[in-house]
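The annotation domain 'FMN hydroxy acid dehydrogenase' is assigned in TrEMBL to 1-359. According to TrEMBL, the glyoxylate binding site annotation covers Tyr24, Tyr129, Arg164, His254, Arg257. Among the features that TrEMBL reports, FMN binding site is placed at 77-79, Ser106, Gln127, Thr155, Lys230, Ser252, 285-289, 308-309. Taken from TrEMBL, the feature active site, proton acceptor covers His254.
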Amino acid sequence: MEITNVMEYEKIAKEKLPKMVYDYYASGAEDQWTLQENRNAFSRILFRPRILIDVSKIDVSTTVLGFNISMPIMVAPTAMQKMAHPDGELATARATSAAGTIMTLSSWATCSVEEVASTGPGIRFFQLYVYKDRNVVRQLVKRAEEAGFKAIALTVDTPRLGRRESDIKNRFALPRGLTLKNFEGLDLGKIDKTNDSGLASYVAGQVDQSLSWKDIKWLQSITSLPILVKGVITAEDARIAVEYGAAGIIVSNHGARQLDYVPATIMALEEVVKAVEGRLPVFLDGGVRRGTDVFKALALGASGVFVGRPSLFSLAANGEAGVRKMLQMLRDEFELTMALSGCRSLREITRNHIKTDWDFPHYLPAKL
């Protein structure tokens, strides 16, 4: 079958993957309302394209934290990628490097920071949870630094794991032969089957539920890497992140896997952007499946987007080649959206290029 859009990879992944693995990647928390809303909210934003502009040359390149990348589309951290494909995170690393963009490696990867670094050059960020044992955090951060990672994406919305009922039903556990490679030697890399989700038991025992804003200062004291705060969806928290010296904010609801009935990230984005007043870059994570979604996020003030599930599903479907094609399709769609909107560079994408149902509440029907 000729793949023509990113959504088609999910159907292939569902056919290829064991039910437990597909459900782990695909599901959200509780009623999964936010999971659906992360997608649906994009349909409530319409374009106001400008015409008769010379779009014969279009530049989609940008910079993130001073690093030049080919497009404002990056790869979000997603756990345990060897469940999707034997090459796991190594395939994703090679594909993102070939695409000239950034990969964020999950703490809970099935390949280590050293293994990912061994795939060759590339701009990579390391996603971090803070554990009760701060020595573990120090070791992880030090290893990421030594492996050439360029930033820390600190996940802040997971003091406890959200209730993912598919994982509970499936008694989710890492398949035999796979481990959380970054924890090997730290006596944390094994997840056993339990009556609940095995992962929930693991997280409950290790992640520090007392994590607070002061710990960002502590993290800054142990690393020179810039720290992105991932999981901000309110203006109040965005302003505090600025005060505490965050290098950037990732507007994220953890792929709708934590607290259900929070807004879609594209709905929360503008509130956060306005609150930071240009003092640091804001990125969007959640629900991006089309180049049009990328444009809408940038029009609302994002400096770039991160894609999560599309990476996993394209990896499951066709390994490294799948991830490459997924990124290329998003890039091509985004460039086309720019051309048809009359934008030649990212600087030219403005709030005036879109209208939303919260701008004109009677303009759009309740459901498209």
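Backbone N, Cα and C define each Cβ position, glycine as well.
Heads up, TrEMBL stuff is auto-annotated, nobody curated it.
When every Cα pair among Tyr24, Tyr129, Arg164, His254, Arg257 is compared, the largest distance found for this glyoxylate site is 19 Å. The average pLDDT for the domain 'FMN hydroxy acid dehydrogenase' (1-359) in the predicted structure is 93.
Annotation for Arg309 (FMN binding site): same-chain Cβ neighbours under 8 Å, separated by at least 6 residues, are Glu10, Tyr25, Ala26, Thr78, Gly255.
Neighbour list (Gly287 (FMN binding site), Cβ cut-off 8 Å, at least 6 residues apart, same chain): Asn38, Arg39, Ala41, Phe42, Ala264, Thr265, Ile266, Asp293. Cβ neighbours of Arg257 (glyoxylate binding site) (same chain, under 8 Å, six or more residues apart in sequence): Ser27, Gly28, Ala29, Leu35, Gly162, Arg164. Between the C-alpha atoms of Gln127 (FMN binding site) and Tyr24 (glyoxylate binding site), the distance comes to 19 Å.
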